[in-house]
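Student: Okay, these came from TrEMBL:
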BINDING   Gly165, Arg166, Ser167  NADP(+) binding site
DOMAIN    6-120  domain 'Tetrahydrofolate dehydrogenase/cyclohydrolase catalytic'
DOMAIN    139-281  domain 'Tetrahydrofolate dehydrogenase/cyclohydrolase NAD(P)-binding'
Amino acid sequence: MAAKIIDGSEIARKVRTEIAAEVAELKGKGVTPGLAVILVGDNQASQTYVKMKEKACEELGMHSVMAKYPSSLSQQELLNKITELNEDNTIHGILVQLPLPNHIDEKAIIEAISPEKDVDGFHPINIGRLMTGQDTLYPCTPYGVMVMLQYIGCEIEGKHVVVVGRSNIVGKPVGQLFLNENATVTYCHSKTKDLKSFTTQADILVVAVGRNDTITAEHVKQGAVVIDVGMNRNEEGKLCGDVSFDEVKQVASYITPVPKGVGPMTITMLMHNTLKAAKKSAK
Ligand code: GUN
(Lines of atoms letter the chains of each structure in order from A and count residues from 1; the text may use other names and numbers.)
(Lines give C-alpha, C1' and ligand atoms only; values in the text may rest on other atoms or scores of the structure.)
Protein backbone atom coordinates (compact mmCIF):
# COMPACT_ATOMS: atom_id res chain seq x y z
CA MET A 1 0.00 0.00 0.00
CA ALA A 2 1.29 3.45 -0.86
CA ALA A 3 2.45 5.69 2.00
CA LYS A 4 0.30 8.39 3.53
CA ILE A 5 1.55 11.83 2.53
CA ILE A 6 2.37 14.14 5.44
CA ASP A 7 0.91 17.50 4.44
CA GLY A 8 3.33 20.10 5.83
CA SER A 9 1.22 23.01 4.58
CA GLU A 10 -1.82 21.78 6.49
CA ILE A 11 0.14 21.14 9.70
CA ALA A 12 1.85 24.53 9.40
CA ARG A 13 -1.54 26.22 8.98
CA LYS A 14 -2.91 24.57 12.12
CA VAL A 15 0.16 25.47 14.19
CA ARG A 16 0.06 29.06 12.90
CA THR A 17 -3.59 29.37 13.96
CA GLU A 18 -2.59 28.35 17.49
CA ILE A 19 0.34 30.79 17.47
CA ALA A 20 -1.88 33.67 16.26
CA ALA A 21 -4.28 33.06 19.17
CA GLU A 22 -1.40 33.15 21.67
CA VAL A 23 0.01 36.30 20.06
CA ALA A 24 -3.39 37.99 20.46
CA GLU A 25 -3.52 36.93 24.11
CA LEU A 26 -0.02 38.25 24.78
CA LYS A 27 -0.84 41.53 23.04
CA GLY A 28 -3.78 41.84 25.44
CA LYS A 29 -1.18 41.88 28.22
CA GLY A 30 0.75 44.65 26.48
CA VAL A 31 3.48 42.59 24.79
CA THR A 32 3.68 42.30 21.00
CA PRO A 33 6.19 39.62 19.92
CA GLY A 34 8.81 41.25 17.70
CA LEU A 35 11.20 39.69 15.20
CA ALA A 36 14.19 41.41 13.57
CA VAL A 37 15.56 39.87 10.39
CA ILE A 38 18.89 41.04 9.01
CA LEU A 39 19.79 40.47 5.39
CA VAL A 40 23.24 41.31 4.05
CA GLY A 41 23.80 41.26 0.28
CA ASP A 42 21.53 40.37 -2.61
CA ASN A 43 21.30 36.57 -2.56
CA GLN A 44 18.06 35.84 -4.43
CA ALA A 45 16.96 32.87 -2.30
CA SER A 46 17.70 34.79 0.92
CA GLN A 47 15.59 37.72 -0.27
CA THR A 48 12.67 35.36 -0.88
CA TYR A 49 13.04 33.74 2.56
CA VAL A 50 13.22 37.12 4.29
CA LYS A 51 10.03 38.28 2.54
CA MET A 52 8.27 35.07 3.65
CA LYS A 53 9.33 35.71 7.25
CA GLU A 54 8.04 39.28 7.10
CA LYS A 55 4.70 38.08 5.69
CA ALA A 56 4.37 35.38 8.37
CA CYS A 57 4.90 37.99 11.13
CA GLU A 58 2.23 40.19 9.61
CA GLU A 59 -0.25 37.32 9.32
CA LEU A 60 0.24 36.26 12.93
CA GLY A 61 0.02 39.80 14.33
CA MET A 62 3.69 40.08 15.27
CA HIS A 63 5.90 43.13 15.01
CA SER A 64 8.72 42.76 12.49
CA VAL A 65 11.78 44.77 11.54
CA MET A 66 13.60 43.99 8.31
CA ALA A 67 17.13 45.39 8.12
CA LYS A 68 18.68 45.10 4.67
CA TYR A 69 22.30 46.00 3.92
CA PRO A 70 24.59 45.88 0.90
CA SER A 71 27.24 43.14 0.82
CA SER A 72 29.85 45.84 1.55
CA LEU A 73 28.63 46.03 5.19
CA SER A 74 31.56 45.44 7.55
CA GLN A 75 31.54 42.80 10.26
CA GLN A 76 31.81 45.53 12.91
CA GLU A 77 28.79 47.37 11.50
CA LEU A 78 26.79 44.14 11.64
CA LEU A 79 27.94 43.48 15.22
CA ASN A 80 26.86 47.01 16.17
CA LYS A 81 23.39 46.40 14.71
CA ILE A 82 23.09 43.14 16.67
CA THR A 83 24.09 44.93 19.91
CA GLU A 84 21.40 47.54 19.24
CA LEU A 85 18.76 44.81 18.67
CA ASN A 86 19.91 42.85 21.74
CA GLU A 87 19.09 45.96 23.80
CA ASP A 88 15.79 46.73 22.05
CA ASN A 89 12.85 45.72 24.29
CA THR A 90 10.41 45.62 21.36
CA ILE A 91 12.46 42.87 19.71
CA HIS A 92 12.29 39.32 21.11
CA GLY A 93 13.87 37.43 18.21
CA ILE A 94 16.89 38.22 16.03
CA LEU A 95 17.67 36.30 12.86
CA VAL A 96 20.64 36.98 10.61
CA GLN A 97 19.90 35.38 7.26
CA LEU A 98 22.65 33.00 6.13
CA PRO A 99 24.83 32.73 4.13
CA LEU A 100 26.73 35.93 4.88
CA PRO A 101 29.32 37.50 2.55
CA ASN A 102 32.76 35.84 2.83
CA HIS A 103 34.39 38.73 4.72
CA ILE A 104 31.99 38.26 7.66
CA ASP A 105 32.67 35.52 10.20
CA GLU A 106 29.37 33.68 10.57
CA LYS A 107 30.36 32.16 13.92
CA ALA A 108 31.17 35.59 15.44
CA ILE A 109 27.80 36.91 14.29
CA ILE A 110 25.80 33.99 15.67
CA GLU A 111 27.62 34.24 19.00
CA ALA A 112 26.90 37.99 19.23
CA ILE A 113 23.13 37.41 19.28
CA SER A 114 21.71 37.20 22.79
CA PRO A 115 20.89 33.49 23.39
CA GLU A 116 17.46 34.57 24.68
CA LYS A 117 16.74 36.22 21.29
CA ASP A 118 18.38 33.53 19.16
CA VAL A 119 15.21 32.32 17.42
CA ASP A 120 17.27 30.27 14.93
CA GLY A 121 18.58 28.21 17.86
CA PHE A 122 22.10 28.38 16.40
CA HIS A 123 23.94 29.98 19.35
CA PRO A 124 26.34 27.52 21.06
CA ILE A 125 24.53 28.17 24.37
CA ASN A 126 21.23 27.05 22.88
CA ILE A 127 22.90 24.07 21.16
CA GLY A 128 24.44 23.19 24.54
CA ARG A 129 21.05 23.41 26.23
CA LEU A 130 19.61 21.13 23.52
CA MET A 131 22.47 18.66 24.04
CA THR A 132 21.85 18.58 27.79
CA GLY A 133 18.10 18.09 27.39
CA GLN A 134 17.09 21.56 28.58
CA ASP A 135 14.11 23.47 27.29
CA THR A 136 15.38 26.22 24.99
CA LEU A 137 14.99 27.79 21.54
CA TYR A 138 15.47 24.83 19.16
CA PRO A 139 16.60 25.13 15.52
CA CYS A 140 13.47 25.65 13.42
CA THR A 141 13.66 22.92 10.78
CA PRO A 142 14.54 20.11 13.23
CA TYR A 143 11.85 21.29 15.62
CA GLY A 144 9.38 21.41 12.72
CA VAL A 145 10.17 17.75 11.93
CA MET A 146 9.33 16.78 15.53
CA VAL A 147 6.05 18.72 15.44
CA MET A 148 5.06 17.01 12.17
CA LEU A 149 5.67 13.57 13.67
CA GLN A 150 3.74 14.48 16.79
CA TYR A 151 0.88 15.66 14.58
CA ILE A 152 0.59 12.29 12.78
CA GLY A 153 0.79 10.48 16.14
CA CYS A 154 4.15 8.84 15.39
CA GLU A 155 5.65 7.31 18.53
CA ILE A 156 9.35 8.06 18.96
CA GLU A 157 10.45 6.35 22.16
CA GLY A 158 12.45 3.20 21.43
CA LYS A 159 12.37 3.75 17.66
CA HIS A 160 15.50 3.55 15.55
CA VAL A 161 15.96 6.91 13.86
CA VAL A 162 18.55 7.15 11.09
CA VAL A 163 19.60 10.68 10.18
CA VAL A 164 21.37 11.09 6.83
CA GLY A 165 23.27 14.39 6.99
CA ARG A 166 25.25 16.06 9.76
CA SER A 167 24.88 19.80 9.23
CA ASN A 168 24.79 22.10 12.24
CA ILE A 169 21.44 23.48 11.08
CA VAL A 170 19.52 20.24 10.50
CA GLY A 171 21.28 16.86 10.81
CA LYS A 172 23.02 17.22 14.17
CA PRO A 173 20.19 18.99 16.06
CA VAL A 174 17.41 16.79 14.66
CA GLY A 175 19.23 13.67 15.88
CA GLN A 176 19.63 15.26 19.30
CA LEU A 177 15.91 16.11 19.52
CA PHE A 178 15.11 12.45 18.76
CA LEU A 179 17.61 11.28 21.36
CA ASN A 180 15.95 13.56 23.92
CA GLU A 181 12.69 11.72 23.10
CA ASN A 182 14.34 8.36 23.87
CA ALA A 183 14.89 7.18 20.30
CA THR A 184 17.98 5.22 19.26
CA VAL A 185 19.80 7.47 16.80
CA THR A 186 22.28 6.66 14.04
CA TYR A 187 23.97 9.40 12.02
CA CYS A 188 25.07 8.77 8.42
CA HIS A 189 26.90 11.23 6.17
CA SER A 190 28.88 11.59 2.96
CA LYS A 191 31.70 9.38 4.26
CA THR A 192 29.42 6.58 5.50
CA LYS A 193 30.25 3.26 3.87
CA ASP A 194 27.33 1.10 2.72
CA LEU A 195 24.62 3.70 3.48
CA LYS A 196 21.86 1.20 2.66
CA SER A 197 22.92 -1.15 5.47
CA PHE A 198 22.05 1.64 7.96
CA THR A 199 19.02 3.26 6.32
CA THR A 200 17.20 -0.08 5.90
CA GLN A 201 17.26 -0.41 9.72
CA ALA A 202 15.39 2.87 10.22
CA ASP A 203 11.90 3.03 11.66
CA ILE A 204 12.14 6.77 11.03
CA LEU A 205 14.46 7.98 8.28
CA VAL A 206 15.37 11.68 8.16
CA VAL A 207 17.28 12.83 5.09
CA ALA A 208 19.04 16.19 4.92
CA VAL A 209 21.97 16.08 2.54
CA GLY A 210 20.97 18.40 -0.33
CA ARG A 211 21.32 15.90 -3.17
CA ASN A 212 18.35 14.50 -5.09
CA ASP A 213 17.77 10.74 -5.30
CA THR A 214 20.11 10.03 -2.36
CA ILE A 215 17.44 7.68 -0.97
CA THR A 216 15.71 5.23 -3.29
CA ALA A 217 13.26 2.40 -2.51
CA GLU A 218 16.07 -0.05 -1.79
CA HIS A 219 17.31 2.19 1.07
CA VAL A 220 14.00 2.01 2.95
CA LYS A 221 12.46 -0.62 5.22
CA GLN A 222 8.84 -1.54 4.52
CA GLY A 223 6.57 0.67 6.67
CA ALA A 224 9.25 3.22 7.65
CA VAL A 225 8.40 6.89 8.17
CA VAL A 226 10.45 9.00 5.73
CA ILE A 227 11.13 12.68 6.33
CA ASP A 228 12.75 14.52 3.43
CA VAL A 229 14.41 17.79 4.42
CA GLY A 230 16.12 18.27 1.04
CA MET A 231 15.29 21.21 -1.20
CA ASN A 232 16.93 20.78 -4.60
CA ARG A 233 16.16 21.28 -8.26
CA ASN A 234 16.28 18.36 -10.68
CA GLU A 235 17.55 18.48 -14.29
CA GLU A 236 14.21 19.92 -15.43
CA GLY A 237 14.46 22.70 -12.85
CA LYS A 238 11.64 21.20 -10.77
CA LEU A 239 11.81 21.46 -6.96
CA CYS A 240 12.60 18.11 -5.35
CA GLY A 241 13.99 16.66 -2.15
CA ASP A 242 16.73 14.13 -1.36
CA VAL A 243 14.36 11.15 -1.61
CA SER A 244 13.09 9.52 -4.83
CA PHE A 245 9.51 10.23 -3.83
CA ASP A 246 7.54 8.15 -6.35
CA GLU A 247 9.34 4.90 -5.59
CA VAL A 248 9.90 5.40 -1.85
CA LYS A 249 6.21 6.12 -1.27
CA GLN A 250 5.51 2.52 -2.36
CA VAL A 251 7.59 1.24 0.57
CA ALA A 252 7.13 3.79 3.39
CA SER A 253 4.11 4.10 5.69
CA TYR A 254 4.37 7.91 5.80
CA ILE A 255 6.41 10.28 3.66
CA THR A 256 6.85 14.05 3.37
CA PRO A 257 6.65 15.54 -0.13
CA VAL A 258 8.84 18.34 -1.52
CA PRO A 259 7.54 20.99 -1.80
CA LYS A 260 4.81 21.26 0.91
CA GLY A 261 6.49 18.90 3.34
CA VAL A 262 9.03 20.06 5.90
CA GLY A 263 9.50 23.46 4.18
CA PRO A 264 6.38 25.22 5.51
CA MET A 265 7.24 24.09 9.05
CA THR A 266 10.52 26.03 9.22
CA ILE A 267 9.07 29.55 9.21
CA THR A 268 6.20 28.32 11.40
CA MET A 269 8.66 27.22 14.07
CA LEU A 270 10.49 30.55 13.72
CA MET A 271 7.20 32.22 14.63
CA HIS A 272 6.79 29.75 17.50
CA ASN A 273 10.28 30.60 18.78
CA THR A 274 9.63 34.33 18.56
CA LEU A 275 6.43 33.91 20.56
CA LYS A 276 8.26 31.71 23.08
CA ALA A 277 11.03 34.32 23.52
CA ALA A 278 8.42 37.07 23.93
CA LYS A 279 6.47 35.07 26.53
CA LYS A 280 9.65 34.44 28.49
CA SER A 281 10.59 38.12 28.45
CA ALA A 282 7.07 39.02 29.70
CA LYS A 283 7.34 36.78 32.79
N1 GUN B 1 19.56 30.30 5.50
C2 GUN B 1 18.97 29.13 5.12
N3 GUN B 1 18.27 28.58 6.14
C4 GUN B 1 18.42 29.43 7.20
C5 GUN B 1 17.90 29.42 8.52
O6 GUN B 1 17.20 28.51 8.97
N7 GUN B 1 18.26 30.47 9.29
C8 GUN B 1 19.07 31.48 8.84
N9 GUN B 1 19.37 32.45 9.68
N10 GUN B 1 19.54 31.52 7.61
C11 GUN B 1 19.21 30.50 6.79
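The backbone N, Cα and C atoms fix where each Cβ goes, and this holds for glycine too.
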Student: Translate the DSSP assignment of Ser167 (NADP(+) binding site) into the three-state scheme.
Tutor: coil
Student: With DSSP, how much of the domain 'Tetrahydrofolate dehydrogenase/cyclohydrolase catalytic' (6-120) is helix, how much strand and how much coil, in residues?
Tutor: 59 helix, 19 strand, 37 coil
Student: Near Arg166 (NADP(+) binding site), which residues of its own chain have a C-beta under 8 A away, given they sit six or more steps off in sequence?
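Tutor: Expected: Lys172, Tyr187, His189.
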Student: Inside 10 Å of the Cβ of Gly165 (NADP(+) binding site), count up the other Cβ atoms and send me the figure.
Tutor: 24
Student: What is the number of other Cβ atoms found within 10 Å of the Cβ of Ser167 (NADP(+) binding site)?
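Tutor: So the number of other Cβ atoms within 10 Å of Ser167 (NADP(+) binding site) is 16.
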